[in-house]
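Q: I have a structure I would like to understand better, so I am pasting it below and will then ask my questions one at a time.
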Amino acid sequence: MSLQMVTVSNNVALIQPGFSLMNFDGQVFFFGQKGWPKRSCPTGVFHFDVKHNHLKLKPAVFSKDSCYLPPLRYPATCIFRGSLESGKHEYIIHGGKTPNNELSDKIYVMSVVGKNNKKVTFRCTEKDLEGDVPEARYGHSIDMVYSQGRSMGVLFGGRSYIPAAQRTTEKWNSVADCLPHIFLVDFEFGCSTSYLLPELQDGLSFHVSIARNDTIYILGGHSLANNIRPANLYRIKVDLPLGSPAVSCTVLPGGISVSSAILTQTKSDEFVIVGGYQLENQKRLVCNTVSFEGDKIEIHEMETPDWTPDIKHSKIWFGSNMGNGTVFLGIPGDNKQATSEAFYFYMLKCVEDDANEDQKTLADSQTSTEDPGDSTPFEDSEEFCFSAEANSFDGDDAFDTYNEDDEEDESETGYWITCCPTCDVDVNTWVPFYSTELNKPAMIYCSHGDGHWVHAQCMDLAEHTLIHLSEGSNKYYCNEHVKIARALQTPKRAPPLKKPPLKSLHKKGPGKILTPAKKSFLRRLFD
């Protein structure tokens, strides 16, 4: 194992606890900044380009048919393949925290649709679920199991806000363990079913999960109710016949007490567990190898990396799996000095550079990183205020200045636009305009022609109208094209106006005969 320090050239303030890394064909991408995306990268996804221990974050773009993906911290992520033999994969993203500290219950699927020398284009789609839908949560895991030619997602654990009926002013943002239910999610048909197994008594957060064919192994985790990190090891087996799935759980010996550990795969049958916490205020500096032989699992301590004094003495650390047996770690900087960095970063390589192909298989499991504020008193406290505002970039950020490349990328993402001649959205100080922005942007898609995005704020849409249009598949036309759209519609046939006959305006009889001048005047009056 080798540990190397990494310098970050730009956008270093984005890398905060709770981020995720996704590996597509050897290219690593950063997701999960703490603040809302800014104009320099409206998608909030960056290419994690590391060369010679120097990291540069390059903005990524989404295709025009993508849904909006809010920046989520502490979500559950996993790799999804159509089959075990499939080389192409996508990423499943569920739950997590938004920059407004709201919890998400959405499921997103991210895939690569275009790649060239300059940039990678993603497509993001939102999956709707029916049945036993998991509540909004974070710090949980989601993994894919494959059995008898079928695949299914397995979701477990996490934390959620306490129910609204139990909230008080003092406990408004308090969280609790989710119930220890196992959710099976069918991504093909969009349905979810929950199972309550007697072996799972407590809800666990920030555990380690490892997927192997039709089996999920769950190690460690933190129980918020008991404030313990039990040395648990569960084996959850999922059988997927043509009928109803069968789910069973077995308690195995030899577990480890750890939370917030990072898992990386080094061989086809071997994983390494790095980091985490063994007590509320004590990091776990020991690393473990997890090896499989059939249904047998073995966990052993391995040689400890040569941790630097800064890593040993820091109270918190965080990170994510880069794939190929490499882990990205961050620790807080020395805030006693005015010029110190908010965080220092390292890369830990658990395999040698000349590793063979089977050592470079990507991990199919949840990368678990714990929010220190929910198990320790560090996050967002006065003592550990590491950086400026959470949604701010570095002042000398190279990507925070205008350039033509940014403008080209933004035209494809569709988030930062001038939607009409009177558009007054300030792209430099943009914040969510409606509460629906937490799930979908405060924008709506005009259906005229090839379609284009417009700001709900500029179109003067009420919030309930935006919700209605976002939930359905109704066509919407912006202010500029609404008249064109109306012209395409067949107007309702209106009955002709009935005009009273002229003869009914006077009575015939002696003394009631109208002169020609009066008849002409009345015709002009009523015509």
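Cβ coordinates come from backbone N, Cα and C, glycine included.
Found this in TrEMBL, in case it helps:
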- 359-380: region 'Disordered' (REGION)
- 371-380: compositional bias 'Acidic residues' (COMPBIAS)
- 414-491: domain 'Recombination activating protein 2 PHD' (DOMAIN)
- CYS419, CYS423, HIS455, CYS458: Zn(2+) 1 binding site (BINDING)
- CYS446, HIS452, CYS478, HIS481: Zn(2+) 2 binding site (BINDING)
- 489-512: region 'Disordered' (REGION)
- 500-510: compositional bias 'Basic residues' (COMPBIAS)
Q: Centre the Cβ atoms of CYS446, HIS452, CYS478, HIS481, go out 8 Å, and tell me which other residues of that chain have a Cβ in range of the Zn(2+) 2 site.
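A: Other same-chain residues with Cβ inside the cutoff are TYR445, SER447, HIS448, GLY451, VAL454, TYR476, TYR477, GLU480.
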Q: Let me make sure I understand the structure: which of the binding-site residues listed (CYS419, CYS423, CYS446) has the fewest other Cβ atoms within 10 A of its Cβ?
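A: With the binding-site residues CYS419, CYS423, CYS446, fewest surrounding Cβ atoms within 10 Å: CYS423.
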Q: Across the domain 'Recombination activating protein 2 PHD' (414-491), what is the average pLDDT of the model, as a whole number?
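A: Average per-residue pLDDT within the domain 'Recombination activating protein 2 PHD' (414-491): 69.
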Q: If you count other C-beta atoms within 10 angstroms, which of the binding-site residues HIS452, HIS455 is the most crowded?
A: HIS455
Q: Which residues does HIS481 (Zn(2+) 2 binding site) neighbour through Cβ under 8 Å, counting only same-chain ones at least six apart?
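A: Residues satisfying the criterion: CYS446, HIS448, GLY449.
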Q: Give me the long-range Cβ neighbours of CYS458 (Zn(2+) 1 binding site): same chain, 6+ apart, Cβ under 8 Å, in sequence order.
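A: The answer is CYS419, CYS420, THR422, CYS423, ASP424, VAL425.
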